[in-house]
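First up is the structure itself, then whatever we jot down about it.
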Amino acid sequence: MGVMMQAFYWDCPKVDNKEFVWWDYIQEKIPSLAEVGISALWLPPVHKPPNINGPSMGYDPYDYYDLGEFEQKGSVKTWFGSKQALLKLIELAHRNNLAVIADMVLNHNNGADEQEVNQRDGKSRWTLFNKIKSEKFFRSWDCFHPSPFKEKDEGAFGDMPDLSHSNPYVYAEIIKLAKWLVEEIGFDGFRYDFVKGYNTWLIKAIQKKEYTKNGQLFKPYGVGENWSGDSQIEYWLNQVNEDNDNPIDAFDFPLRYKLKELCDTFGFSLRELLSHETVFKDQPFNAVTFVDNHDFREREGPEIVQDKLLAYSFILTHEGYPCVYWKDYYNYGLAQAGTPHGINALIKVHEDFAGGSTNNLWVDDNLYIMERTGWEDKPGLIFVLNNTGDGWNGAWVSTQWQNIEFKPVAWWSAQDNSTPANQFVHGDGRGNFSAPPRGYTVYAPQA
Ligand code: CA
């Protein structure tokens with residue numbers, strides 16, 4: 001399964017002083033990310049947005065086929081760079097065995113060239129996209145709700161014109177776009193933005209379509225941004241994956257909120273981590289787990305600020321497809337390369353040991369111990385999380401192993417980063433495992 005990286009954060013080109021060269025910046029990092037064990041990059045939207053109040057992150061598409069090639073909306077390049085630089089990035093990623101995921105903003109558009117009257121309701125709206133420089137996927141009033149084909153769909157994003165996928169022209173153009181992104185540009189999968197805004201049949205159609213890559217049939221990866229509670233997300237997953245031979249994942253927002261509490265709320269009970277009000281517990285093979293993303297900022301809800309490695313230790317040892325956030329990895333320095341204390345060590349744990357189902361061996365308010373049972377070439381692990389700041393905390397637990405030594409392979413503490421001792425699981429399966437104050441230890445069985 002691997003580990004995904006979200007290769008951007010809000011306003012990243014400006015904050016990191018990489019305006020119009022973000023693609024080059026990612027390229028610089030690709031070899032080291034590959035070496036650490038990152039296996040996929042989720043890129044920000046690649047198309048040209050209208051850049052209405054300055055450069056845009058792209059969540060308001062104007063010209064889907066201008067990837068930084070045409071002089072319009074303020075520049076040839078997008079805020080992230082030129083089409084050429086994007087193509088170079090994708091090529092380099094592939095040479096390093098990294099998949100590249102495109103951010104599909106299919107619910108709405110922005111920055112139309114002219115206002116026009118909607119012939120269904122007689123109201124004037126910005127819906128005429130007729131000066132698009134790529135000269136592909138022109139749009140007019142009947143491409144948006146209310147259209148002659150549908151009055152409205154599941155939702156709109158603010159007052160941005162809401163694409164009417166029921167218009168056969170729009171549908172055909174979106175399928176063509178997906179095909180172009182995979183077959184011409186080189187993308188390996190899609191992250192679907194704001195899926196609450198439209199019906200699942202469109203995603204199903206994109207996922208089920210047959211693509212060709214290097215002369216072979218190819219199935220793209222998919223993950224949807226359904227920002228809601230676990231029951232809504234699981235309902236959506238069941239819908240989008242019903243009768244779908246290329247099923248997709250969903251981001252585990254409910255888990256993210258629990259991890260936020262784990263890190264930032266004093267007195268959070270670790271028993272909450274066993275709750276089934278998360279996606280990864282109920283649909284482990286369709287959950288993308290994450291700690292923060294580009295939308296967690298200021299008014300939308302703050303980032304996790306305290307002891308964030310506790311959250312990373314959780315997603316990189318448990319089920320689900322973990323996604324590491326660029327800002328945490330680079331800007332907040334949580335990679336901790338060359339040490340057992342950061343994201344790098346946890347990615348290695350994920351890749352080398354974290355396989356099989358999870359057995360919870362101990363849980364109380366401040367101590368959580370589980371084992372991954374192992375699967376194929378991954379032998380499993382024991383994970384201990386200690387929520388108290390009052391010293392080391394551990395317990396004797398009954399594991400699935402016998403007569404085997406365990407070594408700490410990743411650990412961190414807000415207070416004490418001394419190396420945890422090796423532990424021995426005895427003939428009766430019992431062993432004593434512990435973690436440092438406000439910290440975690442991952443133990444791996446020694447062959
Ligand atoms: Ca919509």
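Each residue's number is its place along the chain shown, starting with 1.
Cβ coordinates are placed from backbone N, Cα and C, and glycine is handled just like the others.
Those TrEMBL annotations? Automatic predictions, nothing curated.
Note that the coordinates shown come from a computational prediction; the quantities given were computed from them, not determined experimentally.
Annotation comment: TrEMBL describes Asp193 as active site, nucleophile. DSSP gives Asp193 (active site, nucleophile) a coil state; it is part of no helix or strand.
Note: Glu225 (active site, proton donor) has non-local neighbours Arg191, Tyr192, Asp193, Phe194, Val195, Ala250, Phe251, i.e. same-chain residues 6+ apart with C-beta under 8 A of its own C-beta. Look at Glu225 (active site, proton donor): DSSP puts it in coil. Residues or ranges marked as active site, proton donor by TrEMBL: Glu225.
Residues annotated as Ca(2+) binding site in TrEMBL: Asn107, Asp162. Its Cβ taken as reference, Asn107 (Ca(2+) binding site) is surrounded by 24 other Cβ atoms within 10 Å in the chains shown.
Residues or ranges marked as domain 'Glycosyl hydrolase family 13 catalytic' in TrEMBL: 2-350.
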Asp162 (Ca(2+) binding site), Cβ-centred 10 Å count of other Cβ atoms over all protein chains shown, is 26
Output: those recorded positions from Asn107, Asp162, Asp193, Glu225 whose CB lies less than 6 Å from an atom of ligand 1, in sequence order; none if no residue fits. Asn107, Asp162
What is the Cβ neighbour count of Asp193 (active site, nucleophile) at a 10 Å cut-off, with all protein chains included? 19
